Every structure is written in C-alpha cells, then in structure tokens.
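First, the structure itself, so that you have it in front of you.
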Amino acid sequence: MKLIVGLGNPGTTYAKTRHNIGFELVDALAKAHGIALTNRRDKAVTGRGTIAGQSVMLVKPQTYMNLSGDAVSAIARKEGVERGDILVVCDDINLPPGRMRLRGSGSAGGQNGLKDLIAKLEGDDFPRLRIGVGAPPAAGSEQVNWVLSVFGPQDRKLMDEVLIAAMGAAELWLSEGVLAAANRFNGLTVTLS
C-alpha cells in the first residue's frame, strides 16, 4: 500500500487557503476515484481505495500543519508503509502559481509541515509534490498571513487547473514512480486559456 498525504490545517477557517492546497489535492483524488474520506484515526481523516492499479490510503492530518508528522508517522508505522511509499503534497511559496515540483527526497525548504514529517519519519527520503502558491506580493510581507489567505479569483481558477495536473502527477507516481512523474510534470507550467 502507498500513502498520499495532503498537508493543510483542519477546519473551515483554513479551507481553500494557500496552505491547504495539499488537502485540496487529496479531496480531488478521492472524488475522482470514488474514495470516501470518512475514517478517523491517528489524528487524521483517511480513505482507502485503488488508484492507477495501486492500493492507496489518502490521508489528511487533522493536527495543524506544523505537527503533520504525528499522524503520518503513526499511520505509516501501523500500516507497515516505508518512507519511499509516502507521497506528501504541500504548498510552496518559492514556486509561482501554475508550477509544481516532484522530488523523491530533500530538505524541508522552509515548509514547516515537511520539517515535522522529516523529524517524525526519521528521514527525508520520501517523495514530495510541492505546488506553487507564489510569494507574498510585497517584500517583507508576512509569509504566515500570505499562506493562510485565500487565492484571488484569477489564481483560484488557475489553482483548479493546477489540481488537475497535480492529480496526474500523483497518479503517474503511483503507476510509474517518482522519476517518470518528475520528468513529465516538473517542467510544466499550467496557464489559463
């Protein structure tokens, strides 16, 4: 079994914010593949199903972003899932909206959810799909306020298209692995027609 983990913050206050793009991708995958996200366990909402011929558990940690590792490490341990079989999806302020980057391992890059996962999973060798949400518009603007804000109307339309591409990246990761998915999606720039 493989895990696809969307990072975000629980509750309606944070729904559709930049920081919750990982949750949005998990929701989109669940809808597209008929997976019910109804199981509550280990501080997460989960659902099991099959995507791209693989047995998958979709995971939305219900801790706040900075404690995401608690839920993911508990589930991975109980299910016997290795780090290389966990795809973590998160926002990235260093990528512009319309871009994404898939890597098989690496640093947290300033993303606190990834930082906690690296600590709790005791290693950084798990795939991560970073979805660009752009940097704050003004130099020196507070990053926290930026990632906890909702997308403007144009960026919201763009992110809906990005989510379709990101679903393709996750599905290709499941069927062909990190390298194939990275080669196909890392250079892609999604634009509005």
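The backbone N, Cα and C atoms fix where each Cβ goes, and this holds for glycine too.
Just so you know, TrEMBL annotations never went through curation; they're auto-generated.
Pulled these features from TrEMBL for this protein:
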ACT_SITE  His19  active site, proton acceptor
BINDING   Tyr14, Tyr64, Asn66, Asn112  tRNA binding site
SITE      Asn9  site 'Discriminates between blocked and unblocked aminoacyl-tRNA'
SITE      Asp91  site 'Stabilizes the basic form of H active site to accept a proton'
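Quick one: where do these features end up spatially?
For His19 (active site, proton acceptor), the Cβ neighbour count at a 10 Å cut-off comes to 24, with all displayed protein chains included.
The DSSP secondary structure for Tyr64 (tRNA binding site) is coil.
Within its own chain, Asn9 (site 'Discriminates between blocked and unblocked aminoacyl-tRNA') has Thr17, His19, Asn20, Tyr64, Met65, Leu148 as residues 6 or more apart in sequence whose C-beta sits under 8 angstroms from its own.
Counting every protein chain shown, the Cβ of Asp91 (site 'Stabilizes the basic form of H active site to accept a proton') has 23 other Cβ atoms within 10 Å. Under DSSP, Asp91 (site 'Stabilizes the basic form of H active site to accept a proton') is assigned to a strand (E or B) in the three-state scheme.
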A 10 Å Cβ contact count, applied to the binding-site residues Asn66, Asn112: which residue has the minimum?
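Looking at the binding-site residues Asn66, Asn112, the Cβ with the fewest others within 10 Å is that of Asn66.
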Taking DSSP as the reference, which of helix, strand or coil describes Tyr14 (tRNA binding site)?
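Once the DSSP labels are grouped into three classes, Tyr14 (tRNA binding site) ends up as helix.
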C-alpha of Asn112 (tRNA binding site) to C-alpha of Asp91 (site 'Stabilizes the basic form of H active site to accept a proton'): distance in Å?
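Roughly 10 Å, rounded to the nearest whole number.
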Given Asp91 (site 'Stabilizes the basic form of H active site to accept a proton') and Tyr14 (tRNA binding site), what distance in Å do their CA atoms have, once rounded to a whole number?
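Between the Cα atoms of Asp91 (site 'Stabilizes the basic form of H active site to accept a proton') and Tyr14 (tRNA binding site), the distance comes to 13 Å.
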